[in-house]
């Protein structure tokens with residue numbers, strides 16, 4: 001089990017450069033989750049809402065159980081006025097790998113990873129606040145990909161671990177988020193924190209996320225035709241801040257980066273008769289065992305075959321063709337934020353500097369994918385999957401969502417961001433230009 005620790009201080013000089021520095025996890029701040037979290041605090045400590053207490057300190061614990069890791073966020077709030085919601089003043093973030101889904105056949109061991117993270121929470125939250133501190137876990141694509149009985153066994157184990165803890169356990173504290181909610185919550189969080197939800201212009205930003213098990217796209221359509229032509233299940237309607245919103249949002253389960261690798265290899269859903277899964281996207285002499293979602297696969301390049309961008313693109317297309325819907329207005333002029341593996345692979349491939357960032361167009365992904373795939377030996381030390389990943393991202397953006405080659409991606413300094421959903425943080429602004 002690998003452990004990563006980050007202490008986020010919103011008032012640091014570097015963080016003050018961008019409003020998203022002050023962001024709690026979208027699993028917390030969005031569409032009722034902040035008020036729900038606060039209700040849990042009030043439920044645990046009714047005296048917190050008393051007018052006699054003019055200033056109080058609260059804590060909250062949120063687990064984000066993703067496909068490749070589990071993250072705990074320990075929040076510290078201050079409530080200066082009893083009639084207002086608490087204000088986030090600090091976040092402590094820890095992560096462990098692999099994700100809960102890796103323990104599908106051993107839920108007790110999965111529960112132990114949660115137990116270890118709760119030990120960190122006990123060291124962070126003052127003991128006198130334990131019984132008033134709510135703890136919640138929301139699982140995403142990793143558990144959605146599992147058979148229902150396997151997922152439920154893991155959730156049951158987590159609930160039992162929570163019950164052992166000294167923290168407050170609210171109702172429905174352990175659950176799986178559906179893909180639509182995941183996209184909506186991210187959209188609300190980013191637009192809230194960047195001030196777009198308060199703007200009279202209604203110029204909101206869209207969201208693109210590429211996780212390990214799923215990928216999401218969410219935006220506020222400008223054209224009624226986008227809503228009319230989209231499958232009804234892709235439209236989410238909700239009220240927020242006395243406004244009614246209709247979002248285009250969809251989560252493609254199985255189209256996250258790690259799941260897409262296995263799908264490209266033909267490993268997902270395989271009946272077990274294939275012993276080794278091969279691909280033209282991998283170096284010819286490459287061979288290893290890969291574990292995802294608790295299952296191990298033998299993968300390799302094609303020793304006596306051909307490799308390169310064209311063959312790889314053909315393989316990847318099978319994972320996207322006919323699966324990803326192209327929104328009507330996606331080629332218009334809009335602004336999107338994209339995060340997770342879009343950023344990571346842009347850094348890995350040298351398209352942008354991880355600390356300074358930079359502008360990237362979709363055509364840059366395509367150009368670099370060709371270079372990586374046609375010179376796999378050069379890039380193998382970075383990652384033997386870099387050709388496959390870069391080709392998949394290119395294909396997803398172009399053939400999947402229908403973005404133009406001129407789509408511009410502007411990367412922000414990731415050290416400024418806070419939030420479970422964003423991993424290290426929100427990484428790109430995407431602007432579409434007519435060309």
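Each residue, glycine too, has its Cβ placed from N, Cα and C.
Copied from TrEMBL, the annotated features are:
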- 182: active site, proton acceptor (ACT_SITE)
- 212, 213, 214, 215, 216: ATP binding site (BINDING)
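In sequence order, 66, 67, 68, 101, 140, 141, 142, 144, 145, 253, 254, 256, 258, 259, 293 constitute the residues six or more apart from residue 213 (ATP binding site) in its chain with CB-CB distances below 8 Å. Counting other C-beta atoms within 10 Å of each candidate's C-beta, the binding-site residues 214, 215, 216 are led by 215. Listed in sequence order, the residues 67, 140, 141, 209, 210, 211, 251, 252, 253, 255, 256, 257, 259 complete the 8 Å Cβ shell around the ATP site centroid, once 212, 213, 214, 215, 216 themselves are left out. Within 10 Å of the C-beta atom of residue 182 (active site, proton acceptor) sit 25 other C-beta atoms, taking all shown protein chains into account.
Rounded to a whole number, the distance between the Cα atoms of residue 182 (active site, proton acceptor) and residue 214 (ATP binding site) is 11 Å.
Of 212, 215, 216, all annotated as binding-site residues, the residue with the shortest Cα distance to residue 182 (active site, proton acceptor) is 216. Around residue 212 (ATP binding site), taking its Cβ as the centre, 26 other Cβ atoms fall within 10 Å, counting all chains. Under DSSP, the residue listed as 'active site, proton acceptor' is assigned to a helix (H, G or I) in the three-state scheme. Residue 213 (ATP binding site) falls outside any helix or strand according to DSSP and counts as coil.
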